[in-house]
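Please read the structure below before turning to the comments.
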Amino acid sequence: MGSDGQSSARPTFTGTTNALEVALTDDVLVVHGGTPLQGKIRVRGAKNLVSKAMVAALLGDEPSRLYDVPRIRDVEVVRGLLGLHGVNITDGDEDGELVFDPANVESADTDEINVHAGSSRIPILFCGPLLHRLGHAFIPDLGGCHIGPRPIDFHLEALRQFGAVVDKRPEGIHLTAPTGLHGTKFVLPYPSVGATEQVLLTAVMAEGVTELRNAAVEPEIIDLICILQKMGAIIKVHTDRVIEIQGVPRLGGYSHRPIPDRIEAASWAAAALATRGDVEVLGAQQADMMTFLNIFRSVGGSYEVVDARPPRGGSAGVEGSIRFWHPGTELHATALETDVHPGFMTDWQQPLVVALTQARGLSIVHETVYEQRLGYTEALNKMGANIQVYRDCLGGTPCRFGRRNFKHSAVIAGPSKLHAAELVIPDLRAGFSHLIAALAAEGTSRVYGVDLINRGYEDFEAKLADLGAHVERP
Ligand code: EPU
């Protein structure tokens with residue numbers, strides 16, 4: 001697999017057999033493209049909230065209860081790490097309900113923690129809660145998608161300002177807090193989602209007041225704040241990306257139903273558009289997807305929002321949903337720039353670009369969140385797309401990457417007829433875009449490394465089957 005998001009369109013198997021080759025050969029989905037996706041699927045709690053909510057449970061001295069937890073790999077990784085630290089996790093009565101009992105939080109063996117090295121970026125968020133509960137923390141090498149260097153300098157600087165001592169060693173990062181953790185004033189150089197969560201999870205029980213400026217305010221962060229507030233935290237969200245946290249000496253548990261996964265919802269929407277299909281995404285919420293819906297409409301896609309209605313009197317309730325469909329007429333090119341909330345999410349970009357290959361004219365995409373998130377377009381070009389990537393900031397606003405010589409803008413000329421190919425999945429979102437491209441293309445594609453998609457898309461193969469896709473394991 002590409003190590004930096006630059007995919008190669010074809011697996012280059014050699015005469016020798018190594019572990020990667022075997023893994024790729026086994027982990028392949030055969031996709032017979034050209035059939036519009038049609039039907040209904042459901043999204044559950046947002047991957048990028050659920051995993052953080054699980055970490056928050058560590059802070060409480062009472063059990064917490066989380067609903068609608070999807071069966072995805074990232075949840076398993078956090079579950080494993082919490083288990084190693086003595087959190088007892090059981091299934092609740094409802095499907096997708098997890099109960100976390102943090103009564104016996106304890107140190108974990110570094111070798112055991114390191115089993116999870118490279119599997120997710122969530123371990124970095126254990127720092128504050130473990131420092132509060134144990135006075136020390138060990139963080140393994142991080143994983144997550146290879147979409148650029150993904151530094152953790154903001155996290156470590158914030159932790160130092162709270163009073164943590166950070167000791168980087170070859171096996172990972174050891175942290176201690178010899179004089180406890182104290183409220184601080186911190187300005188993020190960029191509104192990083194993870195660093196904002198780091199500050200929240202540390203400040204809620206630090207002594208005194210913390211003021212965070214230039215904070216990220218994604219819906220998943222606001223939902224995390226709701227969870228922390230349920231646990232007893234005092235957090236004020238001011239205007240202009242300022243968050244103020246009054247530390248409290250103890251936190252209790254929470255009971256929470258997370259916001260739905262707006263990245264997954266948009267991914268299925270893009271799949272509906274690219275395959276000329278019609279997909280209703282049960283659970284999708286308009287308020288969290290406004291920016292996506294505007295672009296979807298400007299491209300010519302149709303959608304209808306169905307508001308949730310609780311059961312009343314004798315009548316049954318209605319589950320909220322958004323139905324997305326191809327209008328049957330030509331799609332139009334558009335210009336978009338990814339950005340922090342309320343901008344167009346970087347994670348919506350890759351799936352939508354596949355649909356943009358079917359739009360007439362020149363579409364422009366300026367990726368301003370990650371410097372290397374366009375490498376996957378190479379594979380789309382091998383399937384017949386016409387996408388050029390540029391170092392310039394195309395589409396208006398200059399961003400941090402223009403001066404640093406990264407290919408972070410794309411021009412997509414459409415419409416293009418996509419044809420089948422052999423594809424290797426480079427990372428989670430690009431992986432889903434490869435899958436959409438294979439579904440939209442004429443002919444039979446082989447998509448290698450599809451298991452990576454299970455990191456963030458629950459039961460995606462079952463959902464594909466429900467939507468009438470012709471896919472099979474060889
Ligand atoms: N950054 C730094 N230093 C830091 C932290 C971040 O320079 O210490 C930079 C990053 O390199 C990047 C930018 O800040 O250029 C934004 O990164 P951010 O910290 O916001 O991202 P993250 O917290 O690591 C989360 C999601 C990503 C999503 C981004 C942006 C999780 C587990 N991951 O990552 O989701 O793209 O926010 O919204 O919540 C995905 O789900 O596929 C995914 C990659």
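Glycine residues also receive a Cβ, built from the backbone N, Cα and C atoms like all the rest.
Automatic prediction, not curation, is the source of TrEMBL annotations.
Note that this is a predicted model, so its numbers are computed, not measured.
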Cross-ref TrEMBL: UDP-N-acetyl-alpha-D-glucosamine site Arg121, Asp347; candidate in list Val99, Val318, Val369 matching that site is Val369
C-alpha of Arg121 (UDP-N-acetyl-alpha-D-glucosamine binding site) to C-alpha of Lys47 (phosphoenolpyruvate binding site): distance in Å?
-> 12
Between 0 and 100, where does the mean pLDDT of the domain 'Enolpyruvate transferase' (32-464) sit?
-> 95
What is the interatomic distance between the Cα atoms of Val369 (UDP-N-acetyl-alpha-D-glucosamine binding site) and Lys47 (phosphoenolpyruvate binding site), given in whole Å?
-> 19
Far apart in sequence but close in space: which same-chain residues, 6 or more away, have a Cβ under 8 Å from Asp347 (UDP-N-acetyl-alpha-D-glucosamine binding site)?
-> Ile263, Ala266, Arg429
Given the binding-site residues Lys47, Arg121, which one has the fewest other C-beta atoms within 10 angstroms of its C-beta?
-> Arg121
